[in-house]
Structures are given as structure tokens and as C-alpha cells.
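Contents: one structure, followed by commentary.
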Amino acid sequence: MSENKTRVDNAATGDIQHQGKDIFFAAVETTRMPMIVTDPNRPDNPIIFSNRAFLEMTGYTAEEILGTNCRFLQGPDTDPAVVQSIRDAIAQRNDISAEIINYRKDGSSFWNALFISPVYNDAGDLIYFFASQLDISRRKDAEEALRQAQKMEALGQLTGGIAHDFNNLLQVMGGYIDLIGSAAEKPVIDVQRVQRSVYHAKSAVERASTLTKQLLAFARKQKLQGRVLNLNGLVSIVEPLIERTFGPEVAIETDLEPALKNCRIDPTQAEVALLNIFINARDALIGRENPKVFIETRNLLVDELANMSYDGLLPGRYVSIAVTDNGIGMPASIRDRVMDPFFTTKEEGKGSGLGLSMVYGFAKQSGGAARIYTEEGVGTTLRLYFPVDEAGLTNTESPQASDRRLGSSERILIVEDRPDVAELAKMVLDDYGYVSEIVLNAREALKKFESGNMYDLLFTDLIMPGGMNGVMLAREVRRRYPKVKVLLTTGYAESSIERTDIGGSEFDVVSKPCMPHDLARKVRQVLDGPNGIA
């Protein structure tokens, strides 16, 4: 028997009346920490001794608990997994410490910091289990209050940043739209002035669209179009982007893993993430001697023991891409916040503070992680991890747009609960030669089909009230009318990379906001596709 085991004397039984036990139980009785002793040699491992502190903590009397198992302390919010871990430790005669929600006699709950240890006699026989306990409810409440305060601080920073950026964009859009309206009322229209106003208003819309995508990326709520690709190929694709970002004065070095595995990520969002990393590296290199950027890719195996070193990545195979600069680096106080939304050290107007938060969200939503290593005066490394995908490579080049730019009077049913959004979609599609109708919910759409109206395409919003969303409607239409093509639209998608047996989404999706020519092209692609999937 191990000499580390707790022993009480050389007796061979668990008789608590034995004279040799007096010192042990006297010590347990007089301590202020709640303690109990159980007897594993009796059926159901009952409590055979409890001190006054335990009785005061739980509200029970000794007569009520002696001879019973400790499970009377459990209740509705007690974690079954923790209970099972305690049972396993007792069965294996191991020490265990755990934090668990227990219940007093009056039904109130409390957080219990529990430590259980087996007690042996000199003959090596297990005679007791000793359990010390501590009510840590105040500590838990304080931790929760701190988390809530931190959450509210982050929320305040987030909403303040959103309001600031969107108010500026609304100012631009509203101002130029007013100018266009004023120009239309004049007897002689200044066409160039109107065109300039339209250009600036559209630019503001595009910036607002980028902002919402960055926010969704941080929240891991954006719709990702996952494709199997190789990060080495991605580096080659973004080489012109790297050169434009850093210019000739920054030395670029690469070390790419020759046998790098593939991964499934959204190539467009991956390029945006790398651009954000490059921009931060470029800014960190301003004024530095011999500025240098080093890009590397690696294969990585994360096992059970190492996963906590990789921000909790699940065990498995990963690929990584890292960008290292020899810039100014950053202190720990900034490093810990650099991926928070709207946190920026740049001057007003020089950055939104969403770049690295978007990188973080994109990596997490892709099933990976983002880690930053930095040292003041030395430089910074930002490394992204993505799960390996054994599927074949997908062509990441944009498909050639169909030569059929205009509709051929195909009939489209628009399902959108926002009348203004529906009307805009109808105007766009009608302008491109389609014949479109509007309904405001899924039930009305089904009635249109049931009444004999036939359509070539169902164009429906994803999230709608009334108990039937866009996906449910699309599935029902596909079931009843298999020849009808389907295109979904949304400004918000909870799913990440959708994986199905055919390697893609069940239905094609176009994200809001969408420029008219992009919508028309997507509609054309879906109509020309064999199964409604472009």
C-alpha cells in the first residue's frame, strides 16, 4: 500500500466507537469547516459522522442524515456530470475535488467546494471516505457579477462603436439622396452632379455592408461559403495583395509547408482576414528599420494533452498560417483586448477596430482558432488554425458569369415580410426582364402555388414570422413542385459552413445587402443550374 494514503490507526475495522478513533473524530468535530465521514463497507456508503459546521451549513440534524447516502444534497440544478465524476472517484478509491450545486433542508441552493479522500487503516483496508466542504456561493456570485460587468462594458463599447460608424454612413447616404431629390426637382438636371451623388451613396452602402459582415464575423453569425482549398495556394493568390499592402520597402519572406494538408474555409472571407492581418502588420512597421514580414504554413496535430495550449481546439489534425512582423509589438494590456470589437489604438478615422475581431470570428466559425503572440519592440505573430479536410480541392476561381445577363420573362415569386425590401427586389428583377410577384409570408406563397400559379423561381427571405421560415417553405415547395428553382436571401445566418452529402448547401443563398447586378446574376445562375443550386 502507498505510504501517501490517509490512515487513522492500526485498527482493522471502521468502528467509530473504537478508542483509537477519538483523536480523528475530535479533530473533525471541532473544525469550522463542514465535514462528514462515510462508511464504504456498509450498503450505499452511508454517512456515519458529521460535524456541527456541516449541520449548520445544510440545516439538517444529525438524526436526519446519519445512515443515509449524501445524495439528499442533490437537486434540480446539480450537474449530473459532476455527480458521475464523484461516483467514479469513489469507486476507484481516488481523491477528488469538485464544485457542485447542493441543496439545504429548506430547499435553497448553494455552491459547494467539495473534497473527498479515502481513509485507510494500517492493514491497508479502506475504512472511511472523508469529505470536507465549503459554501462558496459568495465567490461564485462575485465571479458572475464580474462577468456580467465585463459583458456590459464590452456591449457598451460595441454599441457605441456601431452607432458611431453607422451614423456617419447614414449621414453620407441621407445627404446624397437629398441632393439627388433636389436635383430631380430642377428644370435642368445636372447629370454629373447626380452621378457623383449616386456614386458616393453607393460607396456608403458598400461600407455599411462591410461593417455588418465584420460584425457578423466577430459574432460568428455570418454565412460562410466553405470550399476545400490549400493555404499555400491562398498565399499565392493574395501575393499581389501583399505587394500592394506593404510596398517595395518591406521585405516579404515565406516558408510554406511542402506537403500542407487541405482545409475547408470560405476563400473570400479568408482573403479578407489575411488583408486585415496584413494591414495591422503594415501599421506596426511604420518607422521601423529593415521592416520585414514572414509568412509560414504548417501541418499540426493537436492531442488531448495539448488542446488547451491551442485555445481549446478539439483534438485532431489542423493546418495553420502565420504572419509575423518585426514591428513595434504591443504590451499585454493591448494584446488581451486587440481582438475585441471596436478596440483600436489608431487615430480617429484610421480604423474601425473591427479588423482583428473579424479575423477571430472567422477562424472560430470555421472550426479553428486565432492566436496572437507579441513582444514590445520585437514584433507580432498572428496565427490562424483550421481543421484538415481530406476532400479534393475545389476551384476557388470565380465561375464565369452566364452570358444571359437579362431574364427571359421567367416568373419569380418573391416572399419577403418587409414590403419595402420586397418592392425593391421586384423593381430590380423586373428591370432585368423577369416577371415577378410579391407575397409577404410563407402561407401566402403556398396559396399562390396551390391556386395554380406556376413559377420558375422561388426567391424567399430566410427568417420570417408566422411559424414557417424560408427554409421550411423552400423544402415544401421543392417537395410539391420539384422543378421550381429556389434562392434564399438573408442578412443574418446562424449556420457556419454547411456540410452535406453533396458537399454544399441545401439551397443557394444570397446575402443582404446585395447590389442589383449581383442579385440579377445570382438569379440567372440559379435558374441555369440543374437543381436550383448555382
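Residue numbers in this text run from 1 along the chain shown.
Backbone N, Cα and C atoms are what each Cβ position is placed from, and that goes for glycine too.
Per Swiss-Prot, the feature domain 'PAS' maps to 20-93; the stated evidence is sequence analysis. Mapped onto DSSP classes, the domain 'PAS' (20-93) shows 38 helix, 8 strand, 28 coil.
Feature annotation from Swiss-Prot assigns S-4a-FMN cysteine to C70. For C70 (S-4a-FMN cysteine), applying a Cβ distance below 8 Å and a minimum sequence separation of six or more within one chain yields I36, T38, I47, A131.
For 94-148, the entry in Swiss-Prot reads domain 'PAC'. Predicted-model confidence for the domain 'PAC' (94-148) is 88, expressed as mean pLDDT.
Look at Swiss-Prot and you will find 161-390 tagged as domain 'Histidine kinase', backed by sequence analysis.
Swiss-Prot lists H164 with the feature phosphohistidine.
If you look up Swiss-Prot, you'll see 411-527 marked as domain 'Response regulatory'.
Packing around D461 (4-aspartylphosphate) is summarised by its Cβ count: 24 other Cβ atoms lie within 10 angstroms of its Cβ, all protein chains included. DSSP assigns D461 (4-aspartylphosphate) to a strand segment in the three-state reduction. Residues annotated as 4-aspartylphosphate in Swiss-Prot, with sequence analysis given as evidence: D461.
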DSSP on the domain 'PAC' (94-148): how many residues come out helix, how many strand, how many coil? 12 helix, 30 strand, 13 coil
